Amino acid sequence: MGNFGQLMDGFAVALTTHHVLIMIAGVLLGLVVGVLPGLGAPNGVSLLLPLTFGMDPIAAIILLTSMYWGALFGGSTTSILFNIPGEPSSVATTFDGYPMARKGEAVRALTLAFGSAGIGAMTGVIVITLLSGWVAQFALRFGAAEYFAVYFMAFASFIGMSGGSPFKTLVSMMLGFACATIGMDTISGESRLTFDWDPLIGGVSFLIAVIGLFGLGELLITMEEGVKFEGVKARLSMTEIFRTLAELPRYWATLIRSAAIGCWMGITPGGPTAASFMSYALGRRFSKRGSKFGTGEPEGVVAPETADHSAGSCALLPMLALGIPGSATAAVMMGGLMIWGLSPGPMLFTTRPDFVWGLIASMYLGNVIAVVLVLATVPLFAYVLRAPFKVVGPIIAVVCVIGAYTVANHMFDVWLALVFGVLGYAFKKLNYPLAPFVLAMVLGDKAEDAFRQALLTSDGSASIFFANGLVATMMGLGILLLLLPAISYVHRRFKPDGAREGVVSVVAAARYDGRDAPATTAGQ
Amino acid sequence: MKIQRTIALAAMLAAGAPAMAQDFKPTRPVEFIVAAGPGGGSDTFARVVQASLSKSGLLTSPIIVTNKAGGSGAETFIYAKTSPGDPYKLFFGTQDAYVLPLASKLSYSLDDLTPIAAMAFDPFLLWVNPKTSGIEDVKGFIAKAKEQPGALKVGGAKAKEADETLMTLIEQKAGVDLTYIPFKSGSEAAIQVAGGHITANVNNPSESVEQWKAGVQKPLCVFEDARLEDKTVIADGMSWNAIPTCAESGIDVKSFAQPRTVWMSAKTPPEAVAYYTELLKKAAETPDFKAYVSRGAQIPRVLTGDAFKEFIAKHKASYAEMYKTNGWLRAEN
């Protein structure tokens with residue numbers, strides 16, 4: 001257990017008053033940044049970076065990572081309260097978190113989100129501690145084909161989940177792919193779908209789409225239908241928070257499954273956003289209460305939050321060990337490392353063990369501090385819902401527009417967000433799911449690049465996707481996930497034949513329909 | 001009284017006008033716009049300049065770094081076009097500023113920019129993983145490439161830019177046939193080589209040095225006229241200086257280094273141009289910037305004013321020539 005000894009040394013580095021104060025400041029700053037949609041962790045870290053130039057590298061990285069944790073937590077807050085994901089990775093939290101808030105269970109939803117996020121992050125850090133030496137070697141085995149297999153699994157688990165009209169899912173996903181292709185193509189170096197129009201050359205930011213589709217779209221629906229928040233009913237006592245925390249162990253199966261998915265997607269190049277989607281989709285399929293997902297089911301909050309945070313923690317490992325950032329925030333931090341005179345890469349663990357293990361120890365402490373701080377803010381945030389909609393509504397609209405502008409300081413993005421808002425409204429009115437659209441936008445161009453790079457490597461032969469045990473296993477699992485709905489369909493269609501259309505088949509059909517039917521609300 | 005005042009005013013104007021012209025001093029925050037995403041080469045460059053200016057007190061106004069990486073960085077230069085004459089915006093990039101419009105139809109041209117300085121030159125090297133490829137030197141690389149034409153996969157950052165251009169030069173000069181595989185960044189390509197998924201990559205030193213130290217990558221040769229200067233041992237008992245030039249080992253490609261460039265928009269007042277030129281010259285002398293240059297085994301060569309303009313014209317012409325050979329040149333050029 002050489003790692004354990006080094007971790008203890010790390011704690012000795014991280015546990016100074018100076019560093020703990022920095023963690024608290026970082027988490028608080030992160031919370032603010034995470035709550036504002038569009039600003040997000042990458043922008044926040046990038047804004048803070050100049051402040052760290054005069055600091056020693058350990059204090060600097062502790063400040064930036066603490067801010068990252070704070071932002072991850074803050075991102076879930078607006079997802080649950082207003083259906084606006086503050087961070088891309090908290091989109092999946094809106095699916096059940098927002099319905100819960102509307103039912104008057106905002107405190108419960110927030111507490112569950114923060115509690116499970118804390119557990120997810122802890123799992124991630126423990127995985128990093130135990131496997132740090134091995135992960136770097138493992139990550140080297142990922143070529144373009146393996147990258148594609150990871151993305152393929154994420155897509156497959158999601159398609160398998162959507163039970164509503166397959167046609168509508170497909171339309172939504174294809175539109176997402178189309179949006180993802182806008183801008184410069186990595187493989188050919190040509191612009192696609194930009195129509196020689198300057199504002200489109202940088203592509204369409206995923207954050208803009210999310211702010212429009214979710215935030216503004218929901219606002220339009222609320223205005224039309226006059227949906228009332230039942231926030232007044234929400235209990236704001238601290239006992240409610242503790243009661244909810246005590247409830248967490250009941251979801252142990254979801255927690256373990258989601259943490260495993262999160263760690264896997266964090267170490268491989270999937271990243272937190274893909275992890276949270278995949279975890280939600282698989283939770284829906286394998287949880288006993290999966291049929292209730294989308295209507296305000298606690299497990300629908302626990303699943304994406306746990307995976308998001310375990311992936312977020314694990315994603316720091318490839319950054320340190322390989323110099324390949326697993327997320328946008330990690331990319332900014334990596335830039336920071338280079339400016340402080342450190343080179344991320346396989347040798348960092350040997351040349352600067354004090355830095356690496358100090359950072360890992362600070363991840364333990366930072367997450368504990370973050371959970372305590374965010375739980376303390378729950379009553380405050382829940383109180384916001386008590387304000388009447390005529391006050392909150394305009395504020396949400398303003399926050400969305402400012403958020404859209406802050407993503408890249410482009411006025412064009414604001415107009416784009418408004419367009420996406422109308423699109424989101426139309427999607428909901430026509431019962432098209434939004435989730436496949438978002439997933440395709442996040443992973444579409446990455447999956448496409450990996451697919452084409454793999455085929456270039458193999459001179460066009462698709463056998464590369466089954467060339468070794470690792471990639472073949474992932475592709476096999478992906479195909480299985482993809483076929484799962486078809487298998488269960490065949491199963492329910494042909495199994496009861498022996499019963500000659502008896503009561504059994506009706507009951508069976510009803511049971512399976514019960515599982516698949518509410519999928520129309522998956523796009524919430 | 002009145003006459004006195006007029007004289008005083010005239011004197012002030014006479015003395016003040018040239019003094020003012022030399023005395024541009026920023027009174028608002030200065031914005032650095034980077035033609036690359038966070039963590040990329042140009043991003044590190046801009047942030048190191050930011051750090052060296054603010055730490056040394058050369059510039060007391062706050063500096064804000066923003067990334068506009070869209071369209072391989074074209075977004076940055078299009079943005080420059082929309083804010084002509086703004087003395088508070090500096091644009092950071094490489095040769096991309098004048099090379100991008102050669103291949104793609106973009107709404108800006110070199111006329112929309114004022115060149116300020118090239119602050120360092122980043123050399124290119126050819127890397128392999130000796131264990132997975134069995135290649136130890138340039139000879140072995142060429143032999144293997146000739147054995148199976150098109151089977152050797154060479155990775156690099158993006159398509160139809162410096163990396164792919166260099167790969168086509170290798171093909172022409174060594175008389176071999178390679179397959180280019182574009183990745184999002186140079187470090188991604190390096191990891192693919194380290195993992196044995198592709199054979200080789202062309203990269204700046206900083207993007208592969210850590211893999212070299214870990215023994216999963218090895219530099220074969222450097223695309224320069226002369227060997228790199230740094231004699232500190234890096235790995236395998238080798239220094240940057242011990243790496244042969246590609247020309248001496250059989251691939252006759254000389255001096256392919258990419259400049260780290262700083263620009264302002266067109267119509268920037270000359271006093272502001274003069275101010276920032278001096279400022280960046282001083283920044284290049286700070287310990288922070290020097291450490292950055294030597295860490296990445298870059299060539300410490302600063303170009304400003306006419307020397308820089310001359311370099312741009314030459315460099316652009318040579319790229320146009322190479323793009324023409326590859327069939328990438330846009331018809332209008």
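Note that Cβ sites are derived from N, Cα and C of the backbone, with glycine treated the same way.
In TrEMBL this protein carries:
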- A:21-439: domain 'DUF112' (DOMAIN)
- A:20-40: transmembrane segment (TRANSMEM)
- A:47-69: transmembrane segment (TRANSMEM)
- A:109-135: transmembrane segment (TRANSMEM)
- A:147-164: transmembrane segment (TRANSMEM)
- A:170-188: transmembrane segment (TRANSMEM)
- A:200-221: transmembrane segment (TRANSMEM)
- A:259-282: transmembrane segment (TRANSMEM)
- A:319-343: transmembrane segment (TRANSMEM)
- A:355-383: transmembrane segment (TRANSMEM)
- A:395-427: transmembrane segment (TRANSMEM)
- A:464-490: transmembrane segment (TRANSMEM)
Close approaches to the transmembrane segment (A:170-188) from elsewhere in its chain (Cβ under 8 angstroms; 6 or more beyond its ends): 159, 194, 200-204, 209, 427, 432-442, 444-445, 448-449, 452-453, 456, 523
Same-chain residues at least 6 beyond the ends of the transmembrane segment (A:259-282) whose Cβ lies under 8 Å from its Cβ atoms: 72, 88-93, 95, 119-120, 123-124, 127, 135, 138-139, 142, 146-147, 150-151, 153-154, 157-158, 160-161, 293, 300, 303-315, 317-318, 324, 326-327, 435, 438-439, 442-443, 446
Intrachain residues whose Cβ lies under 8 Å of the transmembrane segment (A:109-135), provided they are six or more past its termini: 3-4, 7, 69, 72-73, 76-77, 80-81, 93, 96-97, 100-101, 240-241, 244-245, 247-248, 251, 255, 258-259, 262-263, 266-267, 296, 298, 301-302, 305-314, 316-318, 321, 349, 356, 360, 363-364, 367-368, 370-371, 374-375, 378, 381-382
Reported mean pLDDT - the domain 'DUF112' (A:21-439): 87
Cβ-Cβ under 8 Å with the transmembrane segment (A:355-383): same-chain residues at least 6 beyond its ends: 6-7, 9-11, 13-15, 19-20, 23-24, 26-28, 30-31, 57-58, 61-62, 65-66, 69-70, 73-74, 77, 81, 106-107, 110-111, 114-115, 117-118, 121-122, 125, 128-129, 132, 231, 234, 236-238, 241, 313, 316, 320, 342, 348-349
